[in-house]
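Notes for the one structure printed next.
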Amino acid sequence: MELLQFTCLLLLTSLMCLTGLGQLCGGNHWQCEGGKCLPRSWRCDGTGDCLDGSDEMDCPCSRDKWACLSGLPGCVRASALCDGKRHCADGSDEQSCPDNQSCLQGDWRCRNHICIPKNQFCNGLNDCVDNSDEETCGQCGPAAVRCPDGACLSEEEMCDGKLQCSDGSDEPSTCGRVCSKGNGGCSHSCEHQLWGALCSCPTGWRLSAHGDVCEDVDECTLDLSPCMHFCVNTPGSFYCHCEDGFQLEGTTDCFAEGNDTMFLTAKKGSIGFLNVKTLRFDVVHSVGYDPLALAFDVSRSSIYWVDGQGNIYKAEEQRSKILYAGLYGVKSLSCDWLTGQLYWTNQKTQSIHVGAFDGSGFATVLAKNIDPLELVLLPTESLLLWINKGPGAKMTVERSGMDGLGRDSLVVITSQLPHGLTLDVPARRLYWLSDVKKSIETVRVDGSGRYSFREFFKGRRAQTLAVSGRWFYWTDEKGLWRSLQAVPNQNTFIQRTALPVLKAYHELQQPKGHSACVSSGCSLCLATQDQLTGFTCTCPEDQLLMLDGSCEYVRFVYATSTTLNLLELKGKVLSRKLLLTTDFDMEFFDVDWKRDWIYLVNSTGHVMRRSLRTRRSEDVPTLIPACVVTVDQITGFLYWLSCDELCVGVTNMDQRYPRRLYQAGSDIRDVFLDWQRGRLYWLEAGQILSMRLSGRKSKEVQRVNGVISGRMIMDLTSNTLLWNAEGQGLMVTSLSKARSYQAGREWQIPGFVMAVRSPFLVSLFNDVLTVWDRRLVMRVQDIPVEQGVVRVIVALKEVTAPSTDSPDTPPTLPACISPSVRCQDSTLCISQTQLCDGQRDCPDGFDEESCITKCPNRGEFRCKDRRRCIERALVCDGRSHCHDGSDEVGCPTVAAPPSQTAALKCRLGSRLCEDGSECVLHSHVCDGEVDCKDGSDEHDCAASTDSPDTPPTLPACISPSVRCQDSTLCISQTQLCDGQRDCPDGFDEESCITKCPNRGEFRCKDRRKCIERALVCDGRSHCHDGSDEVGCPTVAAPPSQTAALKCRLGSRLCEDGSECVLHSHVCDGEVDCKDGSDEHDCAPSTDSPDTPPTLPACISPSVRCQDSTLCISQTQLCDGQRDCPDGFDEESCITKCPNRGEFRCKDRRRCIERALVCDGRSHCHDGSDEVGCPTVAAPPSQTAALKCRLGSRLCEDGSECVLHSHVCDGEVDCKDGSDEHDCAPSTDSPDTPPTLPACISPSVRCQDSTLCISQTQLCDGQRDCPDGFDEESCITKCPNRGEFRCKDRRRCIERALVCDGRSHCHDGSDEVGCPTVAAPPSQTAALKCRLGSRLCEDGSECVLHSHVCDGEVDCKDGSDEHDCGEYNI
């Protein structure tokens, strides 16, 4: 596409968006975020009608319910909507409902539910068929008067002084007058009557309501105009004229010039043209069957038809092909001859569709509250017209724009059995057959001119109908007929033949005209009456609308640190393509789709752009290092956010001129460019701010509450911002409506929102990109990707990777080895020490920009790189506040404990010089400058011979220290959110809490979380750094061990035994034990100086947080508090059971049926469904002892049972506290967990757990083990027909092996319910049990061994549960 045309299309797209958003919907309508207006009743009705699904977001009720507009009960069942009963107090559930009975205004309803115009009531004709319109009408004599309501008045009732007719015709102004005096007051003829003078009028005139003056009759407004095409009224008469291409015949008829009218039809399995003059049938295409529907395009010489399998065919020049296959339910077919597009109805899906003439794709036009039967088009007026089956038995003829908007009913045709809809295009009239009235019905396309042609069909049902001029053509069981419209009784039989479809074919039935769609550039174009442009583009459901109006399958471009990749989704078929690789770490990117540039940002804030087509690379000038960039697709300007997150600027790429637009007072988190509407947005200090693209004054748009997970993403199509908020799910900010809201309970998207373009949304979680359809609230596809995805954007056009053989490809620029920096527009790499050193080292002087010559405040320390000033008190405080770490250079080192006085102990992020005299930062090792007195920081820096440019391996940070992003600097966890910027990029001060939102809450020491005050010192670590459990009174051991403290999970005892410290605080560089023992023996091994110490094991059933040394109790999983640093303990938690009456497990990881609670088997992972249940008493002979369930053990006082997983978990569950006795680890290994109790056969232990479950819980469809072990390797269906599937779903056996006396199933289910085997006659009193079973004590039946002592009674006498005793743990 040419550049000028592309630009015009972009501007046109912007105009369409602005027009949509500026449009005001009526009071009974609701506006989508994208600007589309919908009936208010469609809002929150469970079906997404907006492209962005916004009509189903922020709904007060669940998707299966409907919200009352006001009052109680608030929500009603969706099935109760428009059911004729009032469920909402305000009756809103019965408002705006499609009327399933009544007629249109101006109609009269017959007893049989047929609707007729009111002027046909009491007209002397049986218009209702059942004569109900004439039954109450009296017989009027020659001198009588009939009122509009049908009443007939005698001569005596005329002029009696009483007004009885609604129009006053019984009391005319000529009452009491005589014709001999002033003509009785009549303007024309006068006739004497007993009551006065009766006036009359000549042809073409009618008497006024006053009965004295003649008024002109407008013949052009009669229900059936005398003119075929155009009518012009004159006083007392009229005249006619015709459409172009027609000649006036006589005074009223129009005759088509040119070719004879033929009929497109099907005959004996062939499609062809029938000439009614010669009766010749010319075959166009033989198909071997009768098509269900036919359509044609005269100008393109194309014919279309539908077969019984839902295939739509196209034939041209003796060749045919299938355009669309398998569309079962297609009923009617019509062609837009101005664009060549096809429209059709589908009875199965109850919808109207539009498809491209080349078969490239189709889309839905209407699918809501519609059941279309037959369809015709009038493209010259952008109209769809169809017969619609409504609620109940209601039938209507309806119309709308070709985009589906502006829908209304023309005629109600209930109880008439209508069919055979056809359109006379020049006359702008619709015609159809009525089987009940045995008539041909007609109405103009604007809803006027309703008329019935009666008495055409005598006894036989008409099957098809076609109209040509003044002639009707139809078929019945005998053959083809025709008749003049004005003479219904003179039917002419043409030919004995069966014609299932009949279409009048003439070039004037498809007149030439203008359609805005022709030059729109849309793949699928809908002509509209509501848009300034005259059209709107649409796409199939699985494709996206591109900038040029084309439809493309969903494509996404995503970047990792060194690659740029393309994903394309064609239905369920996924394809991948590598676009480019980089030799530097990519931090951000964007694409100029119009000019074919990809903008890339590296870790130092250097911006460059590269052409995918030619691979040409250019540096992009910015005033200061920029870390976020976004392209204006119209102008090509690049907008950027500085790496210090304080400056927003723009670079004119034509002039390569950068300038500052906005200087922030606090950090800017995200920048969003709305190039279609000319606005720039950013998030600053919890507010969304905006300005014009030219800069000028900023204004506040909306305040954002809550914690944002990941980044905010902008959807240009709906003018909204979307993001995931912790604890709230998907959030939406409408920029046009200036409001934020929660999308809804259905929108619980794991991970981060990465890209949005309605109707699709892309999220990232655990290295998996997930595509969502916002209209359907459903997951389209999961796409595994590489680790470290930087950004995802939606591709706005086809992306082609460059050829590797291009001779013009420039050589790849050598990478600068970190921490060196590349000069802009150059291949030159310089040391960080050359930045702001007063010497111009880069050709463009880049290294001396934005440098500080003097600190603004007296006494401040200026960093060596002259990029920052800090307070003097921050120098040599053990934390690096300067980007280059110069505030920590030359500081006194920290001495080791007394026992190691000969060696220095270096701070985190530093290493010891070889002479042991001082420490240097890791970032200063091998940086080209000598910092150690012995020069050892620059020893062994040479790169390997294999790759001369490979940087040295970065030293690892020893846990629990943290590495700053894009740096070698390691900092302590205590430096996170301490108010000081310790990392060069400020990573350690991101997402910090300055003040708790609720009064009385406790703010964690690391400022990353606020918790309730009641959770402090409760024995569980709710803060990431464990600060809520620091300084708490320690827990004493049982009385028999009073000399030793018992530490909580995730903690260890100090050597003096006086207190406990968290594992994460051991060897972290800070002394927490009074005796300093938490920092003893921390020196790394001689084999690997940087190897972190082995992480202590968590004692079962405690759980280790991912990527952490912290151990937490299972009770802390899904307790609503974030106990693990990465939130691992609060993932996949259930807030509410989906089904009413279900029991939610205490750990919020599962819902079970209420009947499974306290059934003796643990269905919850934490066993909470069996907690607090009445214990099971032993048989009478053992009444003094309780029998505990599987997976439980008896408390020492014998009063109750507790789960094994609750033994030694740090919480007292037994009243006597015996579940926490003897829990101390052995002296050999302080961290060795106790031996797990054995499960008593036939119960089974869950893997990596203390939980014992019954064999009946294996493969029962319920996840009973925490890791799902019990539901692995289960069989859902036997592979061979007739096989028997064992009850435990673990095996299938032959049917012949069932009840053969041997147990082939693991659970013996193949031998359950079998007839028992009687003993020989001499032992008839005793049963003989099968293998794997034993006899009940009463000798009446057998039970499996696995069912003995399993907590359930199987024998009638209960003997299978006798002598079971307590389990030995």
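Backbone N, Cα and C define each Cβ position, glycine as well.
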Which of these, Cys1118, Cys1124, Cys1145, shares a disulfide with Cys1133 in TrEMBL?
Cys1118
Looking at TrEMBL, which of Cys97, Cys103, Cys128 bridges to Cys115 via a disulfide?
Cys103
So, in TrEMBL, which cysteine from Cys25, Cys32, Cys37, Cys68 is disulfide-paired with Cys50?
Cys32
If you follow TrEMBL, the disulfide involving Cys25 connects it to which of the following: Cys17, Cys37?
Cys37
For the disulfide involving Cys128, grab the partner from Cys110, Cys140, Cys147 as TrEMBL records it.
Cys110
Check for me: which candidate out of Cys1246, Cys1252, Cys1274 does TrEMBL give as the disulfide partner of Cys1259?
Cys1274
Could you tell me the mean pLDDT the prediction assigns to the domain 'EGF-like' (216-252)?
92
Using C-alpha atoms only, work out the spacing between Cys122 (disulfide bond) and Cys1158 (disulfide bond) and round it to an integer in Å.
77
Same chain, |i - j| six or more, Cβ under 8 Å of Cys25 (disulfide bond); the result in sequence order is Gln31, Cys37, Leu38
Taking Cα-Cα distance, which of the disulfide-bonded residues Cys44, Cys137, Cys836 are within 10 Å of Cys1173 (disulfide bond)?
none
Number of other Cβ atoms within 10 Å of the Cβ of Cys137 (disulfide bond) across all protein chains:
17
With an 8 Å cut-off on Cβ-Cβ distance and a minimum sequence separation of at least 6, pull the same-chain contacts of Cys50 (disulfide bond), or say none.
Cys32, Glu33, Gly34, Lys36, Leu38, Glu56, Ser718, Arg775
What whole-number Å value do you get for the CA-CA distance of Cys941 (disulfide bond) and Cys836 (disulfide bond)?
25
Determine the most Cβ-crowded residue among the disulfide-bonded residues Cys851, Cys1133, Cys1173, Cys1259, Cys1364, using a 10 Å radius around each Cβ and all protein chains in the structure.
Cys1259
Among the disulfide-bonded residues listed here (Cys32, Cys941, Cys1158), identify the one with the smallest other-Cβ count within 10 Å.
Cys941
Could you give the Cα-Cα distance between Cys59 (disulfide bond) and Cys82 (disulfide bond), in whole Å?
19
Around the Cβ of Cys1118 (disulfide bond), how many other Cβ atoms lie within 10 Å? Please give the count over every shown protein chain.
22
By DSSP, how many residues in the domain 'EGF-like' (216-252) are helix, how many strand, and how many coil?
3 helix, 15 strand, 19 coil
Whole-number Å distance separating the Cα atoms of Cys836 (disulfide bond) and Cys926 (disulfide bond) is 20
